[in-house]
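S.K.: I am attaching a structure below and will ask some questions about it afterwards.
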Amino acid sequence: MARRPLVMGNWKLNGSKAFTKELIEGLKAELANVNGCDVAIAPPVMYLAEAETALAGSKIVLGAQNVDVNVKGAFTGDISTEMLKDFGAKYIIIGHSERRTYHKESDEFIAKKFAALKEAGLVPVLCIGESEAENEAGKTEEVCARQIDAVINALGVEAFNGAVIAYEPIWAIGTGKSATPAQAQAVHAFIRGHIAAKSQVVADQVIIQYGGSVNDANAAELFTQPDIDGALVGGASLKAPAFAVIVKAAAAAKN
Ligand code: 13P
């Protein structure tokens, strides 16, 4: 089954009102004639209003970097699914390694966020991936399986219908040291196979992005791999020309 690729920019803790407008104007110009690839950006939630306005009339879809499990009430500092929907955000990143590490988010807590997003009709972008030590200890598959199983155990494999997984080896994030296409493909094939063991139909349609030092120079080769359905891009998503090269590479490789 042909899967439509998805390239998403995770801006992390970067930007300003002016930067948001400027980057989106640049992306709209660069990507005006690109088809065959879904494109999303996740600015800081502070700038969703500016982003929504700037994106009007474009095919670039709005996303966010996190969400709370609660919908309303006394939860100081949190942002709900309904608030994200209010700004037209669709693709919501959860379980990013930076949140797992700095905010001590557990697999089970992240599964609750996954449930909240499904309940709200939003698309979870579930980040998974092993640390350098786990990689060297040969535990990559075990870690990825555990992180996926937390969702399957809580919600069933069908929860991955219409969802996105981003395989982001922690050792590749922000280091300039991307996984090689073959390394990434091997893990992506494992992830898809792990889901296929429960449901081939769900496995065939789930988008599995690669993330970790994806840039305009290495994206095309990564996208030649059959189980790499796009990318979750950090640093290179902050520059319109570089991000556009990555999107165009996905559109070219997958169509
Ligand atoms: P970099 O592309 O900066 O390595 O970040 C990847 C990432 O964490 C995207 O979520």
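Easy rule for this one: first residue shown is 1, then count along the chain.
Cβ from N, Cα, C; glycine included.
Please treat TrEMBL annotations as automatic predictions, because they have not gone through curation.
So TrEMBL lists these for the protein:
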BINDING   ASN10, TRP11, LYS12, GLY174, SER213, GLY234, GLY235  substrate binding site
ACT_SITE  HIS96  active site, electrophile
ACT_SITE  GLU168  active site, proton acceptor
S.K.: How many Å separate the Cα atoms of the residue listed as 'active site, proton acceptor' and TRP11 (substrate binding site)?
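M.R.: Cα-Cα distance, the residue listed as 'active site, proton acceptor' to TRP11 (substrate binding site): 15 Å.
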S.K.: When you look at ASN10, TRP11, LYS12, GLY174, SER213, GLY234, GLY235, which the record names as binding substrate, what is the longest CA to CA distance in angstrom?
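M.R.: Roughly 14 Å, rounded to the nearest whole number.
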S.K.: In whole Å, how far does the CA atom of the residue listed as 'active site, electrophile' lie from that of GLY174 (substrate binding site)?
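M.R.: The Cα atom of the residue listed as 'active site, electrophile' is 13 Å away from the Cα atom of GLY174 (substrate binding site).
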S.K.: Using Cβ-Cβ distances, find the residues under 8 Å from GLY174 (substrate binding site) that belong to the same chain and are at least 6 apart in sequence, listing them in sequence order.
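M.R.: Listed in sequence order: SER213, GLY234, GLY235.
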S.K.: Cβ within 8 angstroms of the Cβ centroid of ASN10, TRP11, LYS12, GLY174, SER213, GLY234, GLY235: which residues besides those meet this for the substrate site?
M.R.: ILE173, VAL233, ALA236, SER237, LEU238
S.K.: Counting Cβ neighbours within 10 Å across all chains shown, tell me which of the binding-site residues ASN10, SER213 comes out on top.
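M.R.: Compared across ASN10, SER213, the most Cβ atoms within 10 Å surround ASN10.
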S.K.: Work out the three-state DSSP category of ASN10 (substrate binding site).
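M.R.: ASN10 (substrate binding site) sits in a strand per DSSP.
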S.K.: Count, for each of the binding-site residues GLY234, GLY235, the other C-beta atoms lying within 10 angstroms of its own C-beta, and report the residue with the smallest count.
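M.R.: Taking GLY234, GLY235 as the binding-site residues, the minimal 10 Å Cβ count falls on GLY235.
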S.K.: Report the same-chain neighbours of LYS12 (substrate binding site): residues 6+ apart in sequence with Cβ closer than 8 Å to its Cβ, ordered by sequence.
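M.R.: Once residues fewer than 6 apart are set aside, LYS12 (substrate binding site) is near PRO44, GLN65, GLU98, GLY234.
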